[in-house]
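Right, one structure below, let's go through it.
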Amino acid sequence: MGDWMTVTDPGLSSESKTISQYTSETKMSPSSLYSQQVLCSSIPLSKNVHSFFSAFCTEDNIEQSISYLDQELTTFGFPSLYEESKGKETKRELNIVAVLNCMNELLVLQRKNLLAQENVETQNLKLGSDMDHLQSCYSKLKEQLETSRREMIGLQERDRQLQCKNRNLHQLLKNEKDEVQKLQNIIASRATQYNHDMKRKEREYNKLKERLHQLVMNKKDKKIAMDILNYVGRADGKRGSWRTGKTEARNEDEMYKILLNDYEYRQKQILMENAELKKVLQQMKKEMISLLSPQKKKPRERVDDSTGTVISDVEEDAGELSRESMWDLSCETVREQLTNSIRKQWRILKSHVEKLDNQVSKVHLEGFNDEDVISRQDHEQETEKLELEIQQCKEMIKTQQQLLQQQLATAYDDDTTSLLRDCYLLEEKERLKEEWSLFKEQKKNFERERRSFTEAAIRLGLERKAFEEERASWLKQQFLNMTTFDHQNSENVKLFSAFSGSSDWDNLIVHSRQPQKKPHSVSNGSPVCMSKLTKSLPASPSTSDFCQTRSCISEHSSINVLNITAEEIKPNQVGGECTNQKWSVASRPGSQEGCYSGCSLSYTNSHVEKDDLP
């Protein structure tokens, strides 16, 4: 497809020149032709179309267009449109047959191209639809892959959980097997122990049977009796049986059975009596603890050592009751514990009653306020309540006794009772061991408390001795300071001691019967002391000494005042305790004399309680 210039005749117009130049300069190719055909087909059919096609070939450039077409067709492999000329100078002529054949071939090619184009378009549509289908399938498969991955992850997690559960179950199974093995070993050991105990019991039973047989036979041999010469027949007229080995063995068995039944009956009665006594003692102990339970004290009352010991004893007994049950112990340990606890409670009750008596006597003689003393009506009400509680307790004890009798009335077989007793022997042994260790600990604690109590008693004795020495020196000084003696104003006021012959001045009684004279005063507000001693010489053994000591204290000082009044002391009662002893000490708060007197009184009361124990 060349760039060639056509030779135009000079007669051609300018328009044909431009067309020939355009066609000669452009590169013509089948693709360009096809594009031109498409463009031509796309142009709407109008007058411009006719003008466009007529612009290529006109009447002026027919030869040029034919030559151009011939050249193009030859380049595409079509035969030439001109006939072959014989001479060079002769003009070539147009071959119409060749032109028609070329046109036909061009039309065939056009149809083929159109069919191929349609086929390509249909194939393209098919491929597009296939592509869409494949894309949809791809998206679906991708979603299925994601879901399958999620399901696989869930299944893996579930598999892991199941494996963990399986491992735990294997571990539990192993533990259960170990526990079963341990239990089997324990059962085997207990079975061997039970067989051993059974054999031991059988040996003991055989020994006891032999011992009983020996005792019975020895009694028969040693028994002094008379032989009957003329045997009197039986009342029913039957003849007595001969004594043979079988009859003697049968009689011995019957005798053993009768003896064993008697022993069992007696043992049941003794057990019933022990149970009843245990219940009665336990009820008594509970009632005593409830009676002696520490009440709320008034703020005016002072707490002394004796009340502290009472509260501690009650708390210890309550702790013992909650710690162990009396029914599980043996008779000896129960008896010892109950007797000790009842003795303690009895001491506490005795001291409590003595304190109440002392309080009542103090109220009557010293004129305390009615608020600090229990009234008679309250006392009677309390006694009535206690009587009602005692009646209720008695009824409860009766009902318990009836229930116990009903339970024990149901007779059990000897074999079952023996088996039950044998079963509980091991538990009783273990319980006894534990109780023995607890008893040892209690004994150690008791010894420790006893040592501390003895040390406290020794300290109290030393303090008391020092106080007695100080008081003796003070009394000696007061006695030496006595200067005036007045025999006319002496009254029947007698000095005595609660324990005559001892130096227990805490039990002295203070009581002034008549108003005393005013003491002499000293200038500048100094304390004035006036002491009068009236002494009458004994004319006969029945006369007694009269003494009055009075210490007068200045208005500005607040020291202790001790007024002493004594009753007549008989000569034959020297060294013994005096009756109707009352004491009262009016002291300021913080005075040492009142504290020492209270300590000595509690100490003497505790000694009296120990001496009065049953």
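Cβ atoms are placed via backbone N, Cα and C, with glycine included.
Residues 266-293 are the range that Swiss-Prot records as coiled coil, among 42-69, 98-125, 266-293. Among Ser503, Ser542, Ser558, the residue that Swiss-Prot annotates as phosphoserine is Ser542. Residue environment of Ser290 (phosphoserine) contains 11 other Cβ atoms, counted within 10 Å of its Cβ in all protein chains. Summarising model confidence by region, the coiled coil (131-227) averages a pLDDT of 90.
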